[in-house]
Amino acid sequence: MSGNLTGSARKVKDGAADLHNTIQKWSKYNSESLDIVNEIANIKLNTIFEQEKEENDGKSLPIPEELEPLCTQLSEYLEKFDRLVSKIEALALMFHGIKNLEDHNNKEKETDVILFKTWPVGMFEQRTRALLDMYKNEAEAKRVIAENICHVKDRNTMMCYTASWVHQPYINEATHSLYLEGLAKSRPCSAGWIELLMSQAEIQRGQVVGILPSLTTSWSPVVTVSSSSILLNALVQGCKLIKCYAECPSSDTWIISMSNGFDNPAFDDGETKKPPSDSVSPGDVTRNKDGDKKAGDDLDYRYGWGPFKIRCLQCCNKMSLFVVAVFIMCFVEGVAVNGIANAALPAIEKQFSLSSTKSALIPSSQDIGALCVVLFVSYIGGRYHKPRWVAAGSLIMALGSFIFIIPHLAEKYVYEENSAAITTDGMCNGTRGGGAAPPPCSNNDKYLPVFIIAQMVHGFGFTPMFTLGTVYIDENESHSLAAVYIGLTYAAAAIGVAAGFFVGGQIAQKLFVDFDRVSVDFDARDSRWIGAWWFGFVFTAVLFVLIAIPIAGFPKFLPGTEKYRSNKQAADNKEKQSCGSMAKALMKAFFKTFLVLLKNPVYMFLNAAGCAQTLIIAGVGAFSFKFLSEQYNLDFDIAGYLIGGLILTGSFGMFLGGLLVKIFKLQLVGMLRLCTLATLISALLGVSFLAGCPEVPLAGLEVTYADKSEKSGFADSCHATCSCDTQAFSMVCGNDDTVYYSPCHAGCSSSQGAGPMTTYGNCSCIASRLNVPITHSSASAKSGRCEYECSKLEILAPCLFFAMVSVLTAVTPSSMSTLRCVEEQDKPFALGIQWMFYRLLGTIPGPVLVGWVIDRSCLLWAGGSCGSSGFCQLYSHSQMSIGIMTWWVVVSLVASLLFFISSCFATRSDNKYEISKE
């Protein structure tokens, strides 16, 4: 037969294909439901049976609560089985109708109507009804098992139920395989060979074993070794199946189904064609629950890389292990991007003479990078292999960490060999080596673009994780457990930030910036000290590469997770299109989806609230290290420990948010109200930022010199003969509890000791204030700021801890709310749009605005040239604390209000957005 099939032949062909698809769906559902049956059996065996063994009192124990959702899922599969049985029944009726129609149209013919070279039309009906009987009985057996398995109190009965579900006793595998494969895969055999088989129909099993070698040798084109077992099973059962082939006219060539056959003509239009991509052919590979290919699709559910997907690796093919891998990746990302990078800001500002407003571009630029790619990654990447995109992002972040090191490799830090802190020359004659103003038009800003590019590349890299990675977890796990897993990934990033501050503080305090090049004899208390801000990125670059390897091995979808996805990606089933038509379709769908999201009030107000929330987290977080070290005069390592500890304990809020969603089974409105309450509490606790320390009593700036009634600068008669105009800023603390700009500005003319332990004597300005002779022992000073009592940190620290817990508690419910207020297919794109808003209106301007607030509190600038203000050497504590407090409280209140408005819209749209309880 050639040409396109029409009429009855076409209907028979389509019906046969539908039957194959239906049977393969049954196999898939049976494999998926088997996981549920096994889980029920394990719960029963591990809990009820053990309790009954101990109690042995014959009383009936209550059914464990964890069985209820499993039973519900099992009942859903029973409904699917029933629908498949109804489908097979409908196909049998269709074949019956076609047979009657063809019989009516061919009344004069004595033989059955032949539409194909294989079977008469009646044969299709007979085989379909035989399969119908098998599957109808098996569906009823599964229903009985499902209704009783949760109530079983006997171990042997439970094992029987489980085995019955696996082996499906009402489906005769040998007969079933021959019936099913006979529709599509076959080999020709002559009538003489069929007669030979029929003549052996009543022989015993031993005789069959003896005849098989002769059959496989004599009829090698017909029977192969791989198909011998099928033939053996058919013969042992009486050869009833083989007899059916004798019903055809002897002059025709008939077909016996074998596993190594070629396509049945019933499945082509006279030309050699491959089956359509959305249909299931019996030759398609069917895999097991360990992650192999599923029947009926071209997805590979196995764990591994390329062709290297051996069976021993499939133990890694679990969502829990994927979460572990991305947990590590998010941890390293937090260490690099928001931990050591932010802890390095004071050192970078000092080495490259940058103001806080300029240095704020470094943490902001990571979000600029993310903003550039988030729409592309979330929309395009969301339709392809998400784990591989996440792994590629990790490699990109490794590149970003390497770029961050380039300024250190390119330029050596030049410092004064003899600063005012260590000179042994006279302090009051201006002859010390160094201390002159920086040369005009210094070009230290040239490395700022390098830092910005490095952080932008970091932003490119972590975008796939927080868009595609989040969706991958949500679509491969139950909604309630997905909330916990997503919360863990966010918590990992926060823990990484804490670890980054731990490490960054230690590096800044213990390692000199050029420790790999030179050895110095001064430490962090010296004004020339700059910590090794680059060192941590060496390790993060290596770790990003290593963690990308296991993440790339996960399949596009995890095995057995189809029940968590209401819709598969449409792109997997669409026919191939040209590049132009595909791009046009994508752009059209892009703008259509974008407009739908913009018209969603719940989603838009949720985005606005999230932007306000990220203004707080990104802005204050970027300069928290600097704030604590300046405000409370803390060493870098102590400040790192404090910030890391606060973030580490405060990150519990991210996990707490997901946990509260699970415990209270919060739906959309409940999650939004939780965010409202959390941000409101955070706003109230932000008032604690007013608990700042007193100002540094810098003579001439914050306090007056002894012989003056008002502050008029650093010049004074007490050091008029000292030529201090060219002295570098190197604070000393006098015995009069006053801080002086330098030993020269204190009028000191002698020194003793070396390094940070240097003391200065014969200080005329200190003697004048104390009203003692200049040679008196009290007329002395020591390096650094004065040590003064300030217990205000004991107020701020606990309040800041609870404020951070409150802020971070809203993170996970906010993300989950986004996934609940949009359509299933729009989730990746919605997260991408949300992250675009977060960066455009939150994390990008946040550090810059807070940097501006901090710069407004600067009292003393240095290192500036050619119109640049340089970096700040001293800040006003009161102005800094008031500015940060105002920022925190106002923005938190705005976020709380926006969350509340979003919840109001969600309440009005309750029926649309709420989902059923898990």
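Every residue, even glycine, has its Cβ placed from backbone N, Cα and C.
Note that the structure is a prediction, hence the values are computed from the model and not measured.
For the domain 'Major facilitator superfamily (MFS) profile' (322-904), the predicted model reports an average pLDDT of 82. According to TrEMBL, the feature domain 'Major facilitator superfamily (MFS) profile' maps to 322-904.
Annotation comment: TrEMBL describes 712-764 as domain 'Kazal-like'. Broken down with DSSP, the domain 'Kazal-like' (712-764) shows 7 helix, 11 strand, 35 coil.
Positions annotated as region 'Disordered' by TrEMBL: 266-292.
Sequence annotations record features per position, and here TrEMBL assigns transmembrane segment to 319-341 (among others). For the transmembrane segment (319-341), the list of distant contacts is 362-363, 366, 387, 390, 394, 397, 400-401, 404, 455, 458-459, 461-462, 465, 469, 472-473, 476-477, 485, 488-490, 492-501, 503-504, 507, 533, 536-537, 540, 543-544, 547-548, 550-551, 554, 558, 561, 621-622: same-chain residues at least six beyond its ends, Cβ to Cβ under 8 Å.
Remote same-chain residues near the transmembrane segment (361-382) are listed as 337-338, 341-342, 345, 348, 389, 448, 451-453, 455-460, 462-464, 467-468, 471, 569, 586, 590, 593, 618, 622, 827-829, 831-833, 835-836, 838-840, 842-848 (criterion: CB distance under 8 Å, separation of at least six residues from the stretch ends). If you look up TrEMBL, you'll see 361-382 (among others) marked as transmembrane segment.
The feature transmembrane segment is assigned by TrEMBL to 389-410 (among others). Non-local neighbours of the transmembrane segment (389-410) in the same chain are 326, 329, 332-333, 336-337, 341, 352, 377, 381, 447, 450-451, 453-465, 468-469, 472, 513, 533-534, 537-538, 540-542, 544-545, 547-549, 551-552; each lies 6+ residues outside the stretch with a CB under 8 Å from one of its CB atoms.
Positions annotated as transmembrane segment by TrEMBL: 447-473 (among others).
According to TrEMBL, the transmembrane segment annotation covers 485-509 (among others).
Per TrEMBL, transmembrane segment is recorded for 529-554 (among others).
What TrEMBL records for 602-626 (among others) is transmembrane segment. Non-local neighbours of the transmembrane segment (602-626) in the same chain are 338, 342-343, 345-346, 356, 360, 363-364, 367, 497, 501, 504-505, 636, 639-640, 643, 668, 672, 675, 679, 682, 807-808, 810-811, 814, 817-818, 821-822, 830, 833-834, 837-838, 841-843, 845-847, 849-851, 854, 884, 887-888, 891-892, 894-896, 898-899, 901-902, 905-906, 909, 913; each lies 6+ residues outside the stretch with a CB under 8 Å from one of its CB atoms.
What TrEMBL records for 638-661 (among others) is transmembrane segment. Distant neighbours of the transmembrane segment (638-661): 343, 480, 483-488, 490-491, 494-495, 497-506, 508-509, 624-625, 628-629, 670-671, 674, 678, 797, 800-801, 804-813, 816; these residues of the same chain sit at least 6 beyond its ends, with a Cβ under 8 Å from one of its Cβ atoms.
Residues annotated as transmembrane segment in TrEMBL: 668-691 (among others).
Same-chain residues lying 6+ beyond the ends of the transmembrane segment (795-815) with a Cβ under 8 Å from its Cβ atoms: 470, 483, 486-487, 490, 494, 606, 609-610, 613, 616-617, 642, 646-647, 649-658, 660-661, 666, 671-672, 674-675, 678-679, 681-682, 685-686, 688-689, 691, 831, 888, 892, 899. Among the features that TrEMBL reports, transmembrane segment is placed at 795-815 (among others).
Listed as Cβ neighbours of the transmembrane segment (836-854) (distance under 8 Å, sequence separation of 6 or more from its ends, same chain) are residues 355-361, 363-364, 366-368, 370-371, 374-375, 607-608, 610-620, 622-623, 626-627, 872, 875, 880, 883-884, 887. TrEMBL lists 836-854 (among others) with the feature transmembrane segment.
If you look up TrEMBL, you'll see 885-907 (among others) marked as transmembrane segment.
Remote same-chain residues near the transmembrane segment (447-473) are listed as 319, 322-323, 326, 329-330, 333, 336-337, 341, 348, 352, 354, 358, 361-374, 377-378, 381-382, 386-387, 389-390, 392-401, 403-404, 406-407, 410-411, 482, 485-486, 489, 544, 815, 819, 827-828, 831-832, 835 (criterion: CB distance under 8 Å, separation of at least six residues from the stretch ends). The stretches the transmembrane segment (529-554) and the transmembrane segment (668-691) are not in mutual contact, being linked by fewer than three Cβ pairs under 8 Å (pairs 6 or more apart in sequence). Packing against the transmembrane segment (885-907) from elsewhere in the chain are residues 601-602, 605-606, 608-610, 612-613, 615-616, 619-620, 668-669, 672-673, 675-676, 679-680, 682-683, 686-690, 803, 807, 810, 814, 817, 821, 849-850, 853, 913: each is 6 or more residues past its ends and has a CB under 8 Å from a CB in it. Under 8 Å from some Cβ of the transmembrane segment (668-691) lie the Cβ atoms of residues 602, 606, 609, 613, 616, 653, 657, 660-661, 792-793, 795-796, 799-800, 802-804, 806-807, 809-810, 813-814, 816-817, 820-821, 881-882, 884-885, 888-889, 892-893, 895-896, 899-900, 902-903, 906-907, 910, 913-915, all in the same chain and six or more residues away from its ends.
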